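Okay, so here's the structure we're looking at.
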Amino acid sequence: MSAAFDPSAYDAQLQAKVTRLRELLAPFGAPQPAVFDSPREHYRLRAEFRLWREDGQRHYAMFAPGEKHKAILIDDFPIASERINALMPRLKAAWQASDELSNRLFQVEFLTTLAGDAMVTMCYHRPLDDAWEVAARQLAEELGVSLIGRSKGKRLVIGRDYAVEKLDVAGRVFSYRQPEGAFTQPNGAVNQKMLSWAYDAIGERDDDLLELYCGNGNFTLPLATRVRQVLATEISKTSVNAALSNLSENAVDNVRLVRLSAEELTQALNEVRPFRRLEGIDLKSYAFGTVFVDPPRAGMDPDTCELTRRFERILYISCNPETLAQNISQLQDTHRIERCALFDQFPYTHHMESGVLLVRR
């Protein structure tokens, strides 16, 4: 469910989310949530459009859920970053003027960053040849972007296959590679607030951190500066490679990253079976005081919930407050909510990001 884009209605919509989060966390004695609002427009750093033919031309288009044959033509997109809005008409003019760029083009994706970087992906229902690459190189130079062409089984990269983001957390600027096609937080301004909240919530520690679902290291980098050591897990190869690059780029050297699922990590910690991917890592050498989780919308499964129970402190970022409440219900006999927050990553929708710090009773 989404509401119409209406900045004048933003404050009321945000208050409704705050009320909903309070209702969900009230049974657990949660304190009042800290509330982190979003810019009212130009907050979304990525956008994806299908192309729709009308009057002999291809136009940016989106579709309402369940109405894939009824296109909504898009000329501008006020929730997207100013950079995306500046690129949209220039890219459209380029494909309208070039058969090489327009032939069988069906989708366009934009990824921008607060640091000013931009990457455009153009998707085709045909093989890409040398003539396309010549035209695309010229276009990338004119637009000042990295440009990626995709067709079935093939990807042509002009420039880089990632965008660079820079985020300030407690006065330190962290640099992030954001690979094409990988998950990134869409609302950069709110992401920066979220990182700062997590940094403050974990505090200065002299013990170790276990992080599940670390992605490209979005939280890993700042949180690693607050603890002695970090063991981080992630199963996506693309995200693992990006996280390793980000750790190196930022000279963060107290993190070990392993490709294990939460289930496999539980088996390893319980010494059920050894894992070759843990070769050279002595799990018994870690003194874990905190576990950090940022699970998908389904939340943590019951076994992962039980894994987190063994830790003194659970720092939990959630993109679905309903499953967050379910997980807290499973943990409430051993842990209580010490602090909580709402991050308005997705204005004009019912979606909300939230965070809680749970501590052992």
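Here the Cβ of each residue, glycine as well, is placed from N, Cα and C on the backbone.
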Where Swiss-Prot shows Q185, Y213, N218, D294 binding S-adenosyl-L-methionine, which of E234, E279, E312 is named for the same site? E234
Can you see whether DSSP assigns N218 (S-adenosyl-L-methionine binding site) to helix, strand or coil? coil
Candidate with sparsest Cβ neighbourhood (10 Å radius) among E234, D294, E353, the listed recorded positions: D294
Sequence gap of 6 or more, Cβ distance under 8 Å: name the residues on the same chain that satisfy this around Q185 (S-adenosyl-L-methionine binding site), in order along the sequence. N191, M194, N218, Q345
What's the CA to CA span in angstrom from C319 (active site, nucleophile) over to D294 (S-adenosyl-L-methionine binding site)? 8
For the S-adenosyl-L-methionine site built from Q185, Y213, N218, E234, D294, further residues of that chain with CB within 8 A of the site's CB center: F183, C214, G215, N216, G217, F219, S239, I317
